[in-house]
Amino acid sequence: GLQHNRIHEIRADTFVQLMALRSMQVFWNFIQFIHPEAFVTLHSLTKLDLTDNQLVTLPLDGLAGLTHLKLQGNPALSEPFTKESFPKMRVLEVPYAYQCCAYGSCSSFFKVSSQWEAGDTSPEEEDPHKRTMELFPGHADNHYDLDADDLQLDLEESKLHPTIQCTPSPGPFKPCDHLFESWIIRLGVWAIVLVSVLCNGLVILAVFASPSYLSPVKFIIGSIAGANMLTGISCSMMALVDALTYGHFARYGARWETGAGCRVTGFLSVFASQAAIFLLTLAAVQCSISASCVRGYGKSPSLGKVKAAACCCLLLSSVAAVLPLFSVGEYGASPLCLPYPIPDGKPATLGFTVALVMTNMLCFLTITGTYIRLYCNLLKGEFGAVWDCAMVKHVAWLIFTNCLLYCPVAFLTFSSTLNLFLITPEVIKSVLLVVLPLPACLNPLLYLLFNPHFRDDFRLLRQKGQDKGSFPQPCAADDMEKSSYDSTQALVSFSDIDHMFETPDSLGVCPILDSYSFPSMTLIPCQQ
């Protein structure tokens, strides 16, 4: 027993004279290096406990006779083990569940505590009847005796193929073969990736590249599309990992969880989802405040103030996404790289998850109350004349779909925290992979299919492209001087400019154009 010391390494001659040593406990040390021949002379060693050290590799020479091995608490030790490495193994505790995939099913007739604390009696010296009851406890309740020949065959088979208790056990959140264990989930994630990236790209192009007027609420809609595109990118990284490790995920699962790729994926996912929710809250508040300011003071908040508020939303989202990188929450708790509760997960991650969900629920309550107040204050007859009806309806649809799709995530979080309902890990995994990023592809579809602003912006963009194709070279000033004037001159009077800009009086815009008299101008068309 050498536990709770400050041992940093085990050399080749450390245990060279302990030929009869059968059990060694060196847990809670600082062991970083073990010589490849450190255990070669320990022919009698059957139990080895290296829990909570700093091991990177484990030499296997001399460990073929082990029946009990504990390696938990060594996060850098991610190498897989095979059955041939420990042919007599009965109890195995490893840092990662993926290292148990080589031993098949993790259910066992043995219990870890009883096996480790058992005496040094070898399996051959145990009482045959006791050995039989341990191997086949179901036969203890039977009302008949086992046939002698069948019993002998079962005992011989159990010696040839001993049942191994390996922990932690793999499962839906620690898969052995595929990251996405269902083709429905796999196809759903790829559909979300394609729709979110392409459709949000169209929305961003139509909002920011169109020559039309960029209103504050339209700017927020474009910003939400950018956040949703980041969600699609984070889902694409998960889909690529599933495709590249198809059929043998256990080889790379531990390295993926602890690597930088998982942290980047988790950061993008949390940042994008929080930014979308915060920006949606800003859109609802901006619509309500603008309507109130226009009716009360004759002007609405400027685009600069809305941009400043959007930057604050992005800053808050960055803070929420950075916290798990500093041990407030955890991205590497599962290969999904999400700081949401998983079965048998660490309790330390629940605090961050509950705080995140409570913040989002508060945002949705604020959005709902703000929009109810907006609809109550605006009269139905004044709605079309006072406000942008299309954008108000679009934000309302965004609120409805995002609230509806976030309810399963909030339900899973609180049920996992309070243990209210028994939900299978497969259902939790499906919700986190498909339902959580689903608003990223529904939000742009609502804008592309039902918002008239997109059709107007798309038409203007197309006309702009056609104009550039028709006039590839602009007319220069010296070319105009050299060319003869066209006989046709257009006299355009701007006295009726107020009819061109039909601004409702209810918007409160000062009638500057009416008070200013525009002189007549002569336009000289540019000749090609």
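The backbone N, Cα and C atoms fix where each Cβ goes, glycine too.
TrEMBL entries are annotated by machine, without manual review.
Of all ranges given (20-44, 220-244), TrEMBL attaches the label transmembrane segment to 220-244.
The average pLDDT for the domain 'G-protein coupled receptors family 1 profile' (199-447) in the predicted structure is 88. Fewer than three CB pairs closer than 8 A are found between the transmembrane segment (220-244) and the transmembrane segment (348-374), and contact between the two stretches is not assigned (pairs 6 or more residues apart). Taking residue pairs at least 6 apart in sequence, the transmembrane segment (183-208) and the transmembrane segment (306-328) share fewer than three C-beta contacts under 8 angstroms.
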